[in-house]
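As structure tokens, the structure follows; a few thoughts come after it.
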Amino acid sequence: MAPPTFMGLTGRPLSLMVSTVATTGFVLFGYDQGVMSGIITAPAFNDLFTATKGNSTMQGFVTAIYEIGCLFGAIFILSFGDFLGRRRAMMMGGSIMILGVIIQVTSERNSTPLAQFIIGRTITGVGNGINTSTIPTYQAECSRTSNRGLLICIEGGVIAFGTLVAYWIDYGASYGSPNLSWRFPIAFQIVFALILVFGMIWLPESPRWLLTRERYEEGETVIAALRGLELDDKETQLQRQIIMDSIRASGYAGRKGTPLKAVFSGGKTQHFRRMMLGVSSQFMQQVGGCNAVIYYFPILFEQSIHQSHNISLLLGGVNMIVYAIFATVSWFIIERVGRRKLFLWGTVGQCLSMVLVFSCLIPGTTTAAKGAAVGLFTYIASFGASWLPLPWLYPAEINPIKTRQKANALSTCSNWLFNFLIVMITPIMITNIHWGTYLFFAVVNACFLPVIYFTYPETARRSLEEIDIVFAKGYCENIGYVRAARELEFLTDEGVDGKAREYGLVEEVRAEKQAEKLGVLMEVEKGE
């Protein structure tokens, strides 16, 4: 019997196709994140949307309203993600983004163009919020332990490539006609959305999601296809059993969805703590100042370093090349260095870069301001190599299967809520407190260090089920979870099952089941 196939592919080629299509969703994310940077102050754009001309508050609002749409998309997945599944959610997200783009680019002067543009940008954000809440989970659940970190880091890293493409398309379109200069850059993102939507039509659903929905035959088929094995192969059956044990240990077996209150529970599975680790990583990514640089780099150069609009756009494109180059660094070191060290190193780099920026802006001279430009470049290099991909990887792997979809959606909600805040206030801060903007971000980055050092356990080279054991060990032995991850030896598939029984995860679920049945019987007796 031959291994099952999807798109005519099995094993490594199928896994690569899954990663390619999923990664396209994050290229689209990066593109839409960067496309407004060269448009928001462009003369043709300001002539049509007159309220944005010379108005930093309105510029911030038009740019940031996208993040509110993304927040709504993440909330939608929080509510309906477990019902939809990973595959249908991604197809829906891409389709909604296409609709939003069409609404934006058809804005005309003889109607209410700004309102239409804002509505379209919000709808595009909803689609992106759905995608970014789902894609890392899908990738994590379809990947092998050995390359899960690399694949999700590639997803996060290609955000930089999407932003790079957006910057240079903005720059090239600025030499075209007034309509082309802003309509074409926005419309171009439809290309990426179409790849995502049509690619997912033919690709498999997450095997872990299928098994939680009690679709056992489909789950086994996907496991076998992703690993290039026959259905009756011993390895296929072992992987299925390990995933089912994890589902039972999480209390998810036989249920059609996870109630939100489960995310806020503790005990051996530590759902709340693990959710907060993911949420905090997305929070810190945003308030560390990344989008103050990505969205407003040309504006920073125009207002803080006093360069022309054309030179600012050009330097923004160069900065994005640096961004994309350093985003690839994490691909080669993520498993070797680990998540904790990369978080810490990136934070130090970002903090020192912001110190350099505000220090060089204090004198107020053009010569000194050139040093600030260097700081902006070193900041984006540090961010690209660490904080860009890590907050998308960490929540996807730190949370257990029972709460993974909802916890990942909450993490993404955190990202978009504070993304909106930073994008909204940055132009206002630059206008009113100038170099104090960068001092603020330097102090904020310094505050991250103790949080990461004392609370973020290492997850590199561990299976998703093995990470459950880390938290059970910390809880049962009453030790810190950072220490538990450091002391727990790397486990084989059989070792994971043994440790789950040693720490009583399976027995705990049985007790929960018995308590539930008792509760149902008591309700029935009361009714009678």
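Note that Cβ sites are derived from N, Cα and C of the backbone, with glycine treated the same way.
Since this is a predicted model, take the numbers as computed values, not measurements.
Positions annotated as domain 'Major facilitator superfamily (MFS) profile' by TrEMBL: 18-460. If you look up TrEMBL, you'll see 61-84, 149-169, 181-203, 283-301, 313-333, 342-364, 376-395, 407-430, 436-456 marked as transmembrane segment.
When the stretches 181-203, 313-333, 342-364 are ranked by Cβ pairs under 8 Å to the transmembrane segment (149-169), first place goes to 313-333. Long-range neighbours of the transmembrane segment (61-84) within the same chain, counting only residues 6 or more positions beyond its ends whose Cβ lies under 8 Å from a Cβ of the stretch, are 32, 36, 40, 49, 52, 92-93, 96, 100, 114, 117-118, 121-134, 256-258, 260, 295, 405-406, 409-410, 412-413, 415-417, 419-420, 423-424.
For the transmembrane segment (407-430), the residues of the chain that approach it from at least six positions outside its boundaries are 56-57, 59-61, 63-65, 67-68, 70-71, 73-75, 77-78, 81, 125, 129, 132-134, 136-137, 263, 271, 274-275, 278-283, 285-287, 289, 291-292, 295-296, 299-300, 303-304, 391, 395-396, 399, 436-437, 440, judged by C-beta separation under 8 angstroms.
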